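Listed features, source TrEMBL:
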{"type": "DOMAIN", "residues": "41-289", "note": "domain 'G-protein coupled receptors family 1 profile'"}
{"type": "TRANSMEM", "residues": "25-47", "note": "transmembrane segment"}
{"type": "TRANSMEM", "residues": "59-78", "note": "transmembrane segment"}
{"type": "TRANSMEM", "residues": "98-120", "note": "transmembrane segment"}
{"type": "TRANSMEM", "residues": "140-164", "note": "transmembrane segment"}
{"type": "TRANSMEM", "residues": "200-221", "note": "transmembrane segment"}
{"type": "TRANSMEM", "residues": "242-261", "note": "transmembrane segment"}
{"type": "TRANSMEM", "residues": "273-291", "note": "transmembrane segment"}
Amino acid sequence: MEPANYTMVTEFILTGLSQTREVQLVLFVIFLSFYLFILPGNILIICTIRLDPHLTSPMYFLLANLAFLDIWYSSITAPKMLVDFFVERKIISFGGCIAQLFFLHFVGASEMFLLTVMAFDRYAAICRPLHYATIMNRHLCCILVALSWTGGFIHSIIQVALIVRLPFCGPNELDSYFCDITQVVRIACANTFLEELVMIFSSGLISVVCFIALLMSYAFLLAMLKKHSGSGESTNRAMSTCYSHITIVVLMFGPSIYIYARPFDSFSLDKVVSVFHTVIFPLLNPIIYTLRNKEVKTAMRKLVNRYILCKEK
């Protein structure tokens, strides 16, 4: 078929998570609770690190950036999903779909690269403690964060460039609650084997390689720490931080590998994994970090007592 014969698709219809009204209401309450009660945790992390003079190490600077990315990442899909629970015909424009897809991969890839930077930070702190302050100075931290964002931007531009050049002539229904490459590619009116291969290589292979590299690096760091198990509280604190980072890495990369490191065929678990990946996971980060980091918990309590409880009195 010639390109001139295609009817340009101007919008996509989302099937959502469920067609049953009662189920939609239950899901709305659950996800709204996540969004309203856990999302502020990321804001609290940022405010705590910014205002507490004791949380000045590079690890906390990187943690604040991770919290910011989590706020952004969860807000790409969650607000529209919550609104769509009350809309019978869930529609997103073609431009809105591309924008959602772009920011999803931009922020998601930036977060993956930032997790890699955080692993390097832990390596410098554990293996080069005497030179840590020199190695991980604020200037280098800012450069590494900027590189993480740049890498995410380049990755996302590649995904968008592959999508916008595809013809869409109908159907225009996406079996999801948001726009992503795995759903959009399926309804293109063309052979998308090459584009799908590039996307799998770009998203899937990067996820797998980064995941394996991060697990190996943290395994090495934990082995180093166990050799110095007699060091006391500082060693236990470092091990706790590593375990927190490993938990985040598994929760971040596991669903990403499932979604992108395989052919973009539809499977029954796709929506469940997508919900966890785009909505629940970014909101779990503050819980994981605060539960395993005494310094952050102590600083948060001081912040709440100083700026909230004192004002109430």
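Cβ atoms here come from the backbone N, Cα and C positions, even for glycine.
Those TrEMBL annotations? Automatic predictions, nothing curated.
Quantities reported herein were computed from a predicted structural model and do not represent experimental measurements.
Between the transmembrane segment (98-120) and the stretches 25-47, 59-78, 140-164, 242-261, Cβ pairs under 8 Å are most numerous for 140-164. Looking only at the domain 'G-protein coupled receptors family 1 profile' (41-289), the predicted model's pLDDT averages out at 89.
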